[in-house]
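Have a look at the structure below before the remarks.
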Amino acid sequence: GEKGIKRSCQTVLYWIPVIFITLIVAWSYYAYVVQLCIVVYLLAYHVVFILFTWAYWQTIFTKPMNPLKEFHLSYSDKELLEREDRGESQQEILRRIAKDLPIYTRTMSGAIRFCDRCQLVKPDRCHHCSVCDKCILKMDHHCPWVNNCVGFSNYKFFMLFLAYSLLYCIFITATDLQYFIKFWTNGLPDTQAKFHIMFLFFAASMFSVSLASLFVYHCWLVCKNRSTLEAVRAPAFRHGADKNGFSLGLSKNFRQVFGDEMRYWPFPVYSSLGDGCSFPTCLVNQDPEQPTSPGHNPPPNKA
């Protein structure tokens with residue numbers, strides 16, 4: 001029906017930015033390898049190119065992680081919640097459900113964070129994505145350039161995608177600069193390669209500026225152990241909002257995203273710490289008898 005047609009059109013539109021980036025990258029490969037063809041640069045170029053495309057692929061196709069089943073309301077709890085029409089009575093039910101869950105954040109008014117669309121108690125740092133129409137663990141933002149939510153499961157891949165795409169553009173700009181200068185001084189023959197060399201320099205330098213600002217911003221977020229959403233609006237705890245509530249220090253904040261094993265840091269393979277449902281915080285003294293996680297969700301294979 002009409003809803004199916006509308007959904008199909010939306011799906012096509014969501015993939016347009018990804019197709020655009022893919023075409024730009026494919027053209028840049030042709031322009032650099034075929035048209036410019038500087039043999040001494042090609043080895044380094046292909047190393048950066050492979051890491052960049054690998055990280056981009058992982059960011060696009062790694063599914064965002066959703067809350068474990070223990071955070072979802074049971075059938076009886078759903079019925080009980082629907083029968084209550086008073087907000088305070090509903091909060092009493094949610095507090096009873098949440099007392100055995102590792103949840104420390106609240107709404108700005110101090111209430112339990114609850115998603116009425118997914119019918120679950122939200123874990124810390126979890127948010128509902130209106131595009132994906134589901135709750136995403138440690139959601140950072142929904143990125144149209146990868147047609148995916150950036151969250152707990154793929155944030156490391158997104159960071160490496162920004163790093164390697166920036167390195168890719170800087171490398172092209174630096175190695176293409178001398179030939180770009182020759183173009184303006186008429187030092188190049190008037191062939192098809194002349195256009196590719198000129199436009200390749202403009203495209204790479206333009207993307208370098210925008211990627212550099214975005215990469216520096218996300219490096220700052222990693223150092224502070226915040227998501228984009230938490231930078232806009234500080235998470236609220238029982239005592240009130242605190243923008244540094246999840247910050248554990250520079251080293252531990254970095255390892256939250258990239259893991260403890262240094263050999264995995266440069267590669268887009270899963271190595272982040274935790275399960276995405278609970279996070280250590282400098283504001284809460286963990287009760288040793290309280291479970292830190294309602295269940296075990298093994299991380300994806302590093303391979």
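Count begins at 1; order follows the chain as displayed.
Any Cβ shown, glycine's included, is placed from N, Cα and C.
What TrEMBL records for 12-32, 38-57, 157-175, 195-217 is transmembrane segment. If you look up TrEMBL, you'll see 113-232 marked as domain 'Palmitoyltransferase DHHC'.
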Arithmetic mean of per-residue pLDDT over the domain 'Palmitoyltransferase DHHC' (113-232): 92
Per-state residue totals over the domain 'Palmitoyltransferase DHHC' (113-232) - DSSP helix, strand, coil: 68 helix, 16 strand, 36 coil
